[in-house]
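Trainee: A single structure is presented below for examination.
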Amino acid sequence: MMEDHPKRQLKATNIMANKTQLPCDGDGICMLCKAKPSDLETITCKTCVTPWHVDCLSSPLETLASTLQWDCPDCSSPPEDVSLPPLGNNPLPTTPSSDLVAAIRAIEADVSLTDREKAKKRQELLSGKLQSDKDDPDANKEKTKKGDDVLDLFDERLNCSFCMQLPERPVTTPCGHNFCLKCFQKWIGQGKNTCAKCRCVIPSKMASQPRINSTLVVAIRMAKLSKSLVSGGPQKVYHFVHNQNRPDKAYTTDRAQRNGKANAASGKIFVTIPSDHFGPIPAENDPERNQGVLVGECWEDRLECRQWGAHFPHVAGIAGQSNNGAQSVVLSGGYQDDEDHGEWFLYTGSGGRDLSGNKRTSKDQSFDQKFEKSNQALQVSCLKGYPVRVVRSHKEKRSSYAPEKGLRYDGIYRIEKCWRKVGIQGFKVCRYLFVRCDNEPAPWTSDEHGDRPRPLPKISELKKATDITERKGGSSWDFDESDSRWKWSKAPPTSKRPVEAEDSASGKRRKIRQSRNMSVRERLLKEFSCRICREVMSLPITTPCAHNFCKPCLEGVFVGKTFLRERSSGGRALRSQKNVMNCPCCPTDISDFLQNIQVNRELLDVIESLKSKVEEWDASEKLCEEVIDEEEEGKDGSTGNESSSLVETTRKRAKVDDLE
């Protein structure tokens, strides 16, 4: 049985007294006459701010002045002869309806509160939360303490408007509002092309191809990780990959530096693994950095990706041998049949195109694909459950999970099924179901832990598929419940191309400089840096391509440029041409966005809160150092002024506790 609260009792009373009075719904349609009145035909209650249809009110308004102080039937005092019916078996301690309305009016009359704070207090009052906080001061104190946590700062300001949770794979609209990718796609799928919060129009390109805001992904993950460490959870080292921490450019021969990159494969390999190495690349195979290849690591091109061993072929999308298995694949949008869903994707095999002569760039399929060569290598990995490294390329324009530029290592996947079906171009293609099974979180998620075994998705095209291959025995790469991690359950396949490790006597191992210890708030502020000035963003904005800049910095890039270019020929004026203004970080045209730049207010609130917390933390640390220095001086000095110094030290310690 649902419990009562004062608002429900008040509505029940007025519905009994006025059965035919109903307000307008969220879309502005009257719930009584089912019509959508105009602005002149609606009136808003001054207490609950609910719109009502004037023509459907039982008692019409007498004067124009009365509309400014009008209370709706739900907020007005009920008639004295009407008694409140019992609506539940276990009602809350009831507050008289007149007292409730008086409390709401007191909140509205408080000039010290902003509109947002008034709305929050009204919600707390109607839900009974405000009264419970007064009755339980310990809970209120715990709430205040909890509000100081970094994750709680995010919860208050960055929640998705649909699911009211921190955004999972956050998408930021040009108007500066953040949503989960799934919630955003569901909203767009309903045919709505406006923002759910401010009703601003969403660009059609962003609606069809939303981009994940990678800055928010990293920030939320760091906040979650700090929460788990503070709460006493197991300490886990997580590497955050930044371009400035990468090693210098790889050594290449003169031949490899000639026109184009026809000899790109001649560059130096930085990792000590053979080309047929299966699974992740650990730290012991990385003598240069001693950290291995990390999930989320990015490279400029296929040459650099090859030099770090993530994917050795610099042209082919599949690395493998037909009798041994496949070690890695690259998602680059080469086939129209590919489907990318992040944690799982449908991959199309190679072949089926005539690449003879000058047809090397042909994307038209002219014959069927078969399970042979590299396609057979993927089939072997499916049958034996081998781990496959997956690299995503920026060339995959249809995927929301592709990187903004270059290539990115996205971790270990496992092929669960493979089959053949008739593709979009009318010829048979080999299809593979990849499912992620890595111990590190994906680059697009805010999770602080890796994957867990998940049920396989339903694939509709399997109904018409042929040559279906499924693994019947155990997997070589599987999840160990005792260790709660993915690892080899069987011995990994031995390499047929062994590589000699670098001689420790002659080889040089680069020493990594130890970075200064920073608090979580300082690291988060560093993540919220502008792509142009490299400083913490002031007035942050998010472009439709999910890049974050300071508003003055972005405006400075395009200063002096006009949106339209006037043209003329022989003294005759021609039609004006639109100037293309590319994003400073990618080729996306953002000229429409620049005409009405909206500051990301949610992100601005988070940055300002983090700055204030960092300042408080610095003040506390400085004061603590002063206390320690004075205590040491007191031990070494005379005892003449012991009482006064003790009082001063005690005061400073109390101040430190207040700051913390």
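Yeah, the Cβs are placed from backbone N, Cα and C, and that goes for glycine too.
TrEMBL feature annotations, pasted as is:
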COMPBIAS  131-147  compositional bias 'Basic and acidic residues'
COMPBIAS  446-473  compositional bias 'Basic and acidic residues'
COMPBIAS  638-648  compositional bias 'Polar residues'
COMPBIAS  649-660  compositional bias 'Basic and acidic residues'
DOMAIN    27-78  domain 'PHD-type'
DOMAIN    160-199  domain 'RING-type'
DOMAIN    288-436  domain 'YDG'
DOMAIN    530-586  domain 'RING-type'
REGION    124-147  region 'Disordered'
REGION    444-515  region 'Disordered'
REGION    628-660  region 'Disordered'
Trainee: Let's see if you can do this one: DSSP helix, strand and coil counts over the domain 'PHD-type' (27-78), in that order.
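Mentor: Across the domain 'PHD-type' (27-78), DSSP assigns the residues as follows: 9 helix, 7 strand, 36 coil.
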Trainee: Please indicate, using numbers and ranges, the residues of the same chain that are 6 or more beyond the compositional bias 'Basic and acidic residues' (446-473) and have a C-beta under 8 Å from a C-beta there.
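Mentor: Contacts of the compositional bias 'Basic and acidic residues' (446-473) (Cβ under 8 Å, skipping residues fewer than 6 from its ends): 166-168, 170, 216-217, 220-221, 224-225, 228, 236, 238, 341, 343-344, 346, 371, 379, 382-385, 416-422, 428, 431, 433, 435-440, 479, 485-486.
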Trainee: DSSP says what for the domain 'RING-type' (160-199): how many helix, strand, coil residues?
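Mentor: The composition, in the requested order, is 9 helix, 7 strand, 24 coil.
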Trainee: Which residue counts does DSSP yield for the domain 'YDG' (288-436) in the helix, strand and coil classes, in that order?
Mentor: 17 helix, 54 strand, 78 coil
